[in-house]
């Protein structure tokens, strides 16, 4: 099962774990997901975060909603070779969803070397 390959940990000590922060303004929920907040993750052609996905599981429901996915596609590569462009996308994603419900926010991040990482927070 794929769930057996997804890793987690404390984001303060593990650079791959996505950090989820949110603000609720009525029905609008503004979410920031970041990899490497406490310990920077490498961002090179050879080692980088490819994407972040955000899911929402409303309280009392059995299935998640995919809120969104952000891909990071610039990692220093150019026609001159790896790490030659000085253009890098940082693994930070912003999402806005509209809901009155409480529940869980789940974030997944994908490192091209170390695989899938997850984190969750309770949405009040």
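Cβ coordinates are placed from backbone N, Cα and C, and glycine is handled just like the others.
In Swiss-Prot this protein carries:
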- 14, 16, 41, 47, 111, 114: Fe cation binding site (BINDING)
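This view paints the features noted in Swiss-Prot onto the structure.
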residue	record	DSSP class
14	Fe cation binding site	coil
41	Fe cation binding site	coil
47	Fe cation binding site	coil
111	Fe cation binding site	strand
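Other than 14, 16, 41, 47, 111, 114, the residues of this chain whose Cβ falls within 8 Å of the Cβ centroid of the Fe cation site are, in sequence order, 15, 35, 42, 49, 109, 113, 117.
Cβ neighbour density within 10 Å is lowest for 114 among the binding-site residues 16, 114. Each of the binding-site residues 14, 41, 47, 111 was scored by how many other Cβ atoms lie within 10 Å of its Cβ, and the smallest score goes to 47.
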